[in-house]
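Colleague: Dumping the structure here so I can ask a few things about it.
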Amino acid sequence: MVLDTFDIDLINQSNETLYFYRQFSNCYKCPLILKATIHSGKQITIQLRSYFDQLYAIGRDTNDTFWLPAKQQNDSCNVCSTDPLDCQSLQTIDARDKSHYQLIINGQQNCHLEMLESGENQWLAVSIVIIIYLIIMIGLIFGHRSFMKLCRNYFTNRGHHSSPSSSLARHQTDSPTFPSIQSELSSPSLPNTSIRHSNRFHSIDTFRGIAITLMIFVNYGAGQYKSLEHVAWDGLHLADIVFPFFIFAMGMSIAVSFKNIQKINDNRYKIMERIAKRSIKLFLLGIIVNSIGAADIGTIRIPGVLQRFALSYGIVAIVQLFTVNLISSTIMPRCLNCIKLWPQYALALVMIIIYSYLSFGWRFDPNCPIGYVGPGGLSDNQSYPYCIGGAAHRLDQLLFTANHCYRDNFAGPIYNQGYFPNLWHDPEGLLGSTNSIVLTIIGLQVGHTVLHNVQPWARFRRFINMIVLLTITTIVTVYGFKIPINKNLWSISFVTVNGCLATMIFALLHYLIDLKRIWPMGQPFNYPGQNSIALYLGHEIASNMFPFKLFKSYSSHWGYLSENLLAVTIWIWISYWLAINDIFIKV
């Protein structure tokens with residue numbers, strides 16, 4: 001049986017022809033689609049996708065392609081409806097991979113659904129493999145120090161003054177600058193606090209390392225679990241937090257790179273030149289990554305991940321460069337220290353206004369309603385099939401044309417299903433860059449909080465304030481202004497919820513790694529974090545090469561999940577090897 005499918009036997013014991021309609025349960029306001037015709041006295045077996053639960057209905061006296069319950073006549077009810085007050089109510093199949101169902105419609109046109117085979121519990125594989133993987137990782141984290149201590153004792157007892165761990169020890173104490181997508185942004189030194197034995201924040205490296213590790217896992221397929229991949233449209237899956245976390249980390253790194261204010265004042269225009277060069281390099285690297293496979297300058301994609309980094313970094317860093325003196329200003333009262341970044345907040349407000357006006361106030365297409373931000377296609381009962389992405393999509397279409405954008409559609413498997421083959425949407429389009437700048441500024445504020453608050457309790461008080469503020473903002477935007485959490489559009493609520501999650505996770509890492517030293521330097525994730533640009537480019541280039549790809553396909557999620565985790569582990573080991581050999585890739 002094909003992966004992520006299940007079989008269902010349709011048995012018609014009535015004396016008339018019936019029609020089986022189905023739809024994914026998470027397809028918002030979508031019509032059901034005709035899947036099979038069941039003639040009187042016949043049995044057929046069909047195969048359906050088990051990505052998500054399926055809604056179904058049995059119709060009669062109609063063979064329309066789509067079932068629109070709100071538009072059906074009373075004599076076109078769902079035969080399988082169990083609601084005496086609503087004959088058009090739909091039923092649900094709890095879809096499981098490789099399961100087998102039987103649906104019987106008897107002579108009285110009553111329906112009976114039975115599971116013949118339970119299939120595979122897809123989350124069992126995830127749970128077992130990830131638990132084993134975490135146990136191994138925890139063993140490496142806490143066993144690493146004991147192993148290195150044994151090595152040192154062994155060589156010391158033999159009269160040696162150095163050991164094979166000397167290179168790693170040197171790296172841990174004299175760790176180089178922050179070699180990442182943000183490039184020459186040095187990892188921060190600790191203010192004079194109660195933290196002993198270290199003058200470096202390893203939590204930022206670890207945060208970025210976790211993000212790049214998750215990115216590799218997701219980009220390599222995430223075990224082919226649809227619930228871990230990018231959400232079709234509205235909502236949030238594991239894959240949807242990876243890119244925003246990198247943007248957040250970039251904001252923290254900008255704060256770090258501007259910590260030496262006197263040096264910045266003496267070299268302001270040279271630094272501005274470096275910022276411009278770095279942004280251009282990142283943008284060009286993004287174009288090169290987009291050309292992997294089959295380069296064609298006539299259809300090469302212009303928007304992309306690194307291009308979004310380049311734009312967000314360039315704008316925020318330039319503003320920070322010319323307002324950095326406010327950070328050391330003593331004019332403001334102590335209670336107002338948190339608003340010393342008011343120029344950056346003003347920039348964030350401008351970006352939000354631009355995004356909001358274009359998204360909800362621009363008449364981007366006479367055939368689409370103002371403020372439409374849906375996936376088009378089947379959604380809203382096919383009312384606006386070609387309005388996908390709203391203003392964000394239209395802006396990319398005008399500036400880049402379809403030839404130079406992402407010509408696929410994450411919403412396609414749910415909201416398209418082959419009925420609208422020319423629909424596309426670029427999730428890294430230009431309009432979303434405004435809100436990525438906002439998220440960069442949120443990360444900048446977190447970095448500023450870490451660097452310029454000497455007492456740990458003061459940092460965590462501000463972390464809590466930020467988390468509460470971002471949580472309230474998310475609730476207000478989602479439930480008050482009806483702005484969904486949407487990665488494809490980088491909606492305001494998407495930015496605030498990711499900013500909230502990133503702040504919580506970073507605060508936890510900062511506590512465990514830098515303050516309490518419970519997790520020694522965040523190993524092994526600190527190593528990918530110190531060479532994230534190398535891992536990003538490397539995993540993109542080598543995605544279909546051995547040993548990252550072992551077989552063309554697998555018959556179950558176990559195979560895909562094991563292969564993807566193996567690939568992640570190999571990249572972690574590569575980053576470790578680069579670190580102990582003092583090899584750091586910069587842009």
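Glycine is no exception: its Cβ is also placed from the backbone N, Cα and C atoms.
Caution: TrEMBL annotation is automatic and unverified by curators.
Features from TrEMBL:
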TRANSMEM  123-142  transmembrane segment
REGION    160-190  region 'Disordered'
COMPBIAS  162-190  compositional bias 'Polar residues'
DOMAIN    200-319  domain 'Heparan-alpha-glucosaminide N-acetyltransferase catalytic'
TRANSMEM  206-222  transmembrane segment
TRANSMEM  242-261  transmembrane segment
TRANSMEM  282-303  transmembrane segment
TRANSMEM  309-327  transmembrane segment
TRANSMEM  339-358  transmembrane segment
TRANSMEM  430-451  transmembrane segment
TRANSMEM  463-483  transmembrane segment
TRANSMEM  489-513  transmembrane segment
TRANSMEM  558-579  transmembrane segment
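Could you give the neighbours, burial and distances for every feature on this list?
Modeller: Long-range contacts of the transmembrane segment (123-142) within its own chain (CB-CB distance under 8 A, at least 6 residues past either end) are made by residues 223, 225, 519-520, 523-524, 556-558, 561-562, 565.
Outside the transmembrane segment (282-303) by six or more residues, the chain places 181, 309-311, 313, 396, 400, 403-407, 426, 428-430, 537, 540-541, 587 with a CB less than 8 A from a CB of the stretch.
Long-range Cβ contacts of the transmembrane segment (309-327) within its own chain (Cβ-Cβ under 8 Å, at least 6 residues beyond either end) map to 181-182, 246-247, 250-251, 254-255, 257-258, 261, 264-265, 268, 271-272, 275-276, 278-283, 286, 340-344, 347, 433, 436-437, 439-441, 444, 448, 452.
Taking Cβ pairs closer than 8 Å, the transmembrane segment (489-513) reaches residues 201-204, 206-207, 210, 236, 240-241, 244-245, 248-249, 252, 352, 355-356, 359, 373, 389-390, 392, 427, 431-433, 435-436, 438-439, 442-443, 446, 450, 459-460, 463, 466-467, 470-471, 473-474, 477-478, 483, 519-522 in its own chain, all 6 or more past its ends.
Residues 125-126, 129, 133, 168, 171, 209, 213, 216-217, 220-225, 524-525, 527-528, 530-531, 534-535, 538-539, 547-551, 585 of the same chain lie 6+ residues outside the transmembrane segment (558-579) yet bring a C-beta within less than 8 angstroms of a C-beta in it.
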Colleague: For the transmembrane segment (206-222), could you work out the same-chain residues 6 or more beyond its ends whose Cβ comes under 8 Å from its Cβ atoms?
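Modeller: Same-chain contacts beyond the flanks: 180, 228-230, 238-239, 241-243, 245-246, 249, 252, 502, 505-506, 509, 513, 519, 521-522, 524-530, 532, 535-536, 539-540, 543, 548, 560, 563-565, 567-568, 571-572, 575.
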Colleague: For the transmembrane segment (463-483), find every same-chain residue at least 6 residues outside the stretch whose CB is under 8 Å from a CB in it, and list them.
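Modeller: Same-chain contacts beyond the flanks: 338, 373, 442, 445-446, 449, 491-493, 496-497, 499-500, 503-504, 507.
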Colleague: What residues elsewhere in the chain lie close to the transmembrane segment (430-451), defined as a C-beta under 8 angstroms and at least 6 residues from its ends?
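Modeller: That would be 188, 191, 201, 204, 244, 247-256, 259, 303, 308, 311-313, 315-316, 320, 327, 340-341, 344-345, 347-348, 351-352, 354-355, 358-359, 391-392, 395-396, 399-400, 459, 462-463, 466, 470, 489-492, 494-495, 498-499, 502-503, 506, 510.
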Colleague: Should anything in the same chain at least six residues away from the transmembrane segment (339-358) have a Cβ under 8 Å from its Cβ atoms, list it; otherwise answer none.
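Modeller: Sequence-distant neighbours of the transmembrane segment (339-358): 315-316, 319-320, 323, 326-327, 329, 332, 364, 391-392, 395, 431, 434-435, 437-438, 441, 444-445, 448, 492.
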